[in-house]
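Since the structure comes first, as structure tokens, the remarks are kept for the end.
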């Protein structure tokens with residue numbers, strides 16, 4: 001069996017369906033269309049049945065936790081649990097069997113949810129005390145987005161996830177800076193308050209106060225009493241709002257860049273016949289008069305070169321300047 005393409009990235013691995021459709025038509029293709037594609041009648045019916053099983057399974061789990069293991073319905077709960085376990089196990093096995101790359105599916109975002117959702121049920125038979133782990137099944141509610149083919153909401157959730165991953169390094173550096181800042185502020189408050197305030201008995205205790213204050217939580221269990229300490233604490237409170245705004249701005253910028261990536265690129269050259277502008281980069285003929293946009297080979301090659309130079313890179317734009325596409 002051939003290996004997946006080299007350009008398969010971590011972000012793409014989050015999607016169980018990315019380049020994972022079976023090559024040859026047959027029963028695997030039919031099963032794939034039913035299980036992974038909601039735009040067909042059978043696929044939509046399968047998703048509806050799946051979500052009904054998920055919701056009723058979680059409802060039974062909650063009801064069982066309320067009534068307790070010794071209730072008169074305990075036997076019924078065990079029977080229902082076995083039915084759910086068989087259904088979800090068959091579903092996972094079918095998903096693994098019908099895809100082109102089973103390993104890619106298993107380690108995708110939805111694949112991990114599928115696998116984790118059935119493991120607790122098997123663990124419960126061997127280790128009854130792990131019954132709480134069955135709450136992992138609640139994560140299967142993420143598949144609700146697939147019932148009505150809510151592409152818009154599904155894509156937005158993916159873009160948010162990708163934006164968080166792409167901005168993770170910047171946010172991590174910022175959090176490291178905040179950590180150093182809280183240590184510094186805790187040391188200052190210890191020097192200002194330790195002589196007259198027993199609540200600031202050590203630098204770690206002062207760091208705890210700095211974290212509570214800078215995150216605007218404010219438990220109130222530790223408070224400064226000296227005038228200098230109150231002034232510094234006031235500045236820290238104001239600084240806390242700014243610290244919250246920084247990662248929000250980083251994530252917002254990353255989300256905007258992620259949204260620009262999904263917008264169509266537009267050709268730079270106008271129509272040579274009527275001068276119409278704003279054609280998509282993949283257009284061959286004018287949308288106004290129908291004339292060829294690139295009547296000769298040289299202009300077509302120039303357009304392709306321009307299109308490639310303006311293409312947004314999927315994974316390497318994390319440190320580049322934000323450059324939205326130009327509309328003419």
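Don't overthink the numbers, they just go from 1 along the chain as shown.
Just so it is clear, glycine is given a Cβ too, placed from its N, Cα and C backbone atoms.
Each residue in the domain 'Ion transport' (44-254) has a pLDDT score, and their mean in this model is 79. According to TrEMBL, the domain 'Ion transport' annotation covers 44-254.
The feature transmembrane segment is assigned by TrEMBL to 45-63 (among others).
Per TrEMBL, transmembrane segment is recorded for 171-192 (among others). Within the chain carrying the transmembrane segment (171-192), a Cβ under 8 angstroms from the stretch's Cβ atoms is held by residues 200, 202-211, 214, 224, 226, 228-229, 232-233, 236, 243, 246-247, 250-251, all 6 or more beyond its ends.
Positions annotated as transmembrane segment by TrEMBL: 231-251 (among others).
Under the heading region 'Disordered', TrEMBL lists 298-328.
Taken from TrEMBL, the feature compositional bias 'Polar residues' covers 301-310.
If you look up TrEMBL, you'll see 317-328 marked as compositional bias 'Acidic residues'.
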**Complete:** Counting only residues at least 6 beyond its ends, the same-chain positions whose CB falls under 8 A of a CB in the transmembrane segment (231-251) are 163-164, 167, 170-171, 174-175, 178, 185, 188-189, 192, 210, 213-216, 223-224
